[in-house]
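Asks: Once you've had a glance at the structure underneath, I'll fire off some questions.
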Amino acid sequence: MAALPLATAEVCDAHPHLIQNGELRALQPIFQIYGRRQVFSGPIVTLKVFEDNVLVREFLEEKGNGRVLVVDGGGSMRSAILGGNPVQQAQNNGWAGILVNGCIRDVDEINGCDIGVRALASHPMKANKKGIGEKHVPVNIAGTRLCDGEWLYADSDGILVSRTELTV
């Protein structure tokens, strides 16, 4: 994980050449901010699911080592694929953050956790538990392709993805 949190605006200002060549991309500003950690960054781990949270829970039970779990939930607004218990587990297991292209629930509980969470919205209904999905695959979220091993930087200005770890 980066030694000090990087401000996304400063990263953009310091690396215009990376923006130009596509190595630094900004996600469309469609995500809500949850969790106590407003600024977070780390290497990306990807997961693709649809209205099913079994694999999400499995990932967050592992040691995070400062990584960011990126979950492509297909943008579904019909149920929550992340709730308070797995977020607490993620916090305890050292995950830097979680980005969900879908919904979450247990917002008050999540907002009490020292972890960064970004999601489209909250929804009270829970997800299915079939264990269907794909791990470590490229995902397309908010107009941007994200791959395992790339770096995600998030703060109140937005979310950036870089092919490599950056400094300012």
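Each Cβ is built from the backbone N, Cα and C atoms, and glycine gets one as well.
In case it helps, TrEMBL gives these features for our protein:
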BINDING   G83, G84, N85, P86, R105  substrate binding site
BINDING   D106  Mg(2+) binding site
Asks: Starting from the Cβ centroid of G83, G84, N85, P86, R105, the recorded substrate site, name every other residue in that chain with its Cβ within 8 Å, sequence order please.
Replies: A80, L82, V87, Q88, I104, D106, E109, I110
Asks: For G83, G84, P86, listed as binding-site residues, tell me which one has the smallest number of other Cβ atoms within 10 Å.
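Replies: Checked G83, G84, P86; of these binding-site residues, fewest Cβ neighbours within 10 Å: G84.
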Asks: Would you count the other CB atoms within 10 A of the CB of N85 (substrate binding site), including those on all shown protein chains?
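Replies: Result for N85 (substrate binding site): 12 other Cβ atoms within 10 Å.
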Asks: Cα of N85 (substrate binding site) to Cα of D106 (Mg(2+) binding site): how many Å, rounded?
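Replies: Given the Cα positions, N85 (substrate binding site) is 9 Å from D106 (Mg(2+) binding site).
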Asks: With an 8 Å cut-off on Cβ-Cβ distance and a minimum sequence separation of at least 6, pull the same-chain contacts of R105 (substrate binding site), or say none.
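Replies: Residues satisfying the criterion: A80, L82, G83, G84, S122, H123, P124, M125, K126.
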Asks: Between any two of G83, G84, N85, P86, R105, the residues recorded as binding substrate, what is the biggest Cα to Cα distance in Å?
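Replies: Farthest-apart Cα atoms in G83, G84, N85, P86, R105 are separated by 11 Å.
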Asks: For the residue listed as 'Mg(2+) binding site', list the number of other Cβ atoms lying within 10 Å of its Cβ atom.
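Replies: Here the count is 21.
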Asks: Using C-alpha atoms only, work out the spacing between the residue listed as 'Mg(2+) binding site' and P86 (substrate binding site) and round it to an integer in Å.
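Replies: Spelling it out, the Cα of the residue listed as 'Mg(2+) binding site' and the Cα of P86 (substrate binding site) are 10 Å apart.
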